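One structure is given here, and the rest of the page talks about it.
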């Protein structure tokens, strides 16, 4: 219940308002921005396991994959060019998210979503028509620019539009769209790989146009958030919009708090340098460590390379694609669990339970692969029961991520930042996420070749580390209005020394006086 969440953070605010059909539909449409990210994650691993794609663009990998004398399954996909194809997108997303911060703050969340959709659409068209590796990488870079804009703006949009009591569930709609995008991509890969003539990969890559058009059209029809309108001086429109999305006329308290936050935001000349102030130390820490840890769970290794990974451990190309479809279904189903429980059970409980679940599964998978493949990578004949056990524990691992670090890795950073640093801090969050996604994607195949089954133990270590971090340093944020989130840091045993009242309140009293004419 909301009262429990508010008590946890020490906030006394309880804004009136309802979960209206209007705000629900608005958030669902906006959350579709996650489709482009999810579709790309799913499609990348699928096409890189298609023989026709490898033969055309990465012939050395194709030859290595089919050489009879090559028995080391760990190293068959080790290729710098193939890795660059996958990971170049995330470096581009990192760079564009920094630009997106300025666009999001000065021109609103909608324009960033629009840019994201248009850039992603352009990249999809180039990839579908690719004649060489350079065209592929150019298309990937444009896809990355699009993802950077969308991932920077959509979580902020959802957190600002949603009533605080339902913010968790509505924000996780973004993660649900990512998982749906992954599932759709896996299903399409499975069927397109069967097309005779070997051009199915073009349909897989070109299919990214569809989610791109959804977010592009959505950006045209969606309203802007009251927070963004106030930030740009459109107070009358913001008041009208707040009444509409809350479904009531009594919005004065929330509106006044938004105006006060905007006044404080306008006093900040440079939100990037402001991030370095002591009072924002917990916010900056979370903006860096949560996405860092999210990528070091190893989930993108599973989702990028699920078909490659299953093919590597002996399932065969078609069986590998089907296994990826199965994990995609698990991902979607478990994300729905998170939507149901995040505002009931809280963020910390889901973080910790998911961490324990992933840790156990990674240890089991490492043991299972190590027992059959050893260090030489030659498994011999793999029995059916073995394949079932590996897929089962990978699915349990995916479920643990999908109701914990997956959605909460986007939700928690987007809801904890005060308005004056929100766009910049979200860009830091996305940039760190994309940087470590890039690093993991860049080195995964090399690490698989050298660490072998120990790769899963490598990620298991970080899962243990991140679970300890959450248990010790992350306060509960459920049920707390977004503009009242500073209360959770004031009562936290460690962070209160950084954000005590002198830091938070003295400046705000002056700013509230300056903003008294609003």
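Please read every residue number as a count from 1 along the shown chain.
Each residue, glycine too, has its Cβ placed from N, Cα and C.
Curation plays no part in TrEMBL annotations; they are all automatic predictions.
Feature annotation from TrEMBL assigns transmembrane segment to 19-39 (among others).
Per TrEMBL, the feature domain 'Major facilitator superfamily (MFS) profile' maps to 26-478. Computed over the domain 'Major facilitator superfamily (MFS) profile' (26-478), the whole-number mean pLDDT of the model equals 84.
Annotated transmembrane segment per TrEMBL: 81-99 (among others), in sequence order. Proximity of distant same-chain residues to the transmembrane segment (81-99), defined by a Cβ-Cβ separation under 8 Å and at least 6 residues beyond the stretch ends, is recorded for 40, 44, 48, 54, 57-58, 60-61, 119, 133, 136-137, 140-149, 151-152, 304, 427, 430-431, 434-435, 437-438, 441-446.
Note on the transmembrane segment (111-130): residues 30, 33, 36, 57, 96, 100, 103-104, 136, 138-154, 157, 202-203, 205-209, 211-220, 222 of its chain, located 6 or more positions outside it, place their CB under 8 angstroms from a CB of the stretch. The annotation transmembrane segment is assigned in TrEMBL to 111-130 (among others).
What TrEMBL records for 136-158 (among others) is transmembrane segment.
The annotation transmembrane segment is assigned in TrEMBL to 170-193 (among others).
Using a Cβ-Cβ cut-off under 8 Å and counting only residues 6 or more beyond its ends in the same chain, the transmembrane segment (199-222) has close neighbours at 26, 29-30, 32-33, 35-36, 39-40, 43, 46-47, 50, 52-53, 110-111, 113-114, 116-118, 120-121, 123-125, 127-130, 139, 143, 146, 150, 157, 181, 185, 188-189, 191-193. The transmembrane segment annotation in TrEMBL covers 199-222 (among others).
The transmembrane segment feature in TrEMBL is assigned to 284-308 (among others).
Beyond its flanks by at least six residues, the transmembrane segment (320-342) meets 42, 45-46, 49, 168-169, 172-173, 175-176, 179-180, 182-183, 185-187, 189-190, 193, 302-303, 306-311, 350, 391, 394-395, 398-404, 406-408, 411, 478 of its own chain at Cβ-Cβ distances under 8 Å. Under the heading transmembrane segment, TrEMBL lists 320-342 (among others).
Feature annotation from TrEMBL assigns transmembrane segment to 349-373 (among others).
The transmembrane segment annotation in TrEMBL covers 385-406 (among others).
Long-range contacts of the transmembrane segment (427-447) within its own chain (CB-CB distance under 8 A, at least 6 residues past either end) are made by residues 77-79, 82-84, 86-87, 90-91, 93-94, 97-98, 100-101, 144, 147-148, 151-152, 275, 284, 287-288, 290-292, 294-296, 298, 300-301, 304-305, 409, 413-414, 455, 458. For 427-447 (among others), the entry in TrEMBL reads transmembrane segment.
The annotation transmembrane segment is assigned in TrEMBL to 453-474 (among others).
In this chain, the transmembrane segment (170-193) touches the transmembrane segment (19-39); three or more CB pairs sit within less than 8 A of each other, excluding pairs fewer than 6 residues apart.
Note on the transmembrane segment (136-158): residues 27, 30-31, 33-34, 36-37, 40, 57, 84-86, 88-97, 99-101, 103-104, 109-110, 112-113, 115-127, 130, 167, 170-171, 173-174, 205, 208, 212, 215, 222, 225, 410-411, 413-414, 422-423, 426-427, 430, 433-434 of its chain, located 6 or more positions outside it, place their CB under 8 angstroms from a CB of the stretch. By the Cβ criterion (distance under 8 Å, sequence gap of 6 or more), the transmembrane segment (349-373) is not counted as touching the transmembrane segment (170-193), fewer than 3 such pairs being found.
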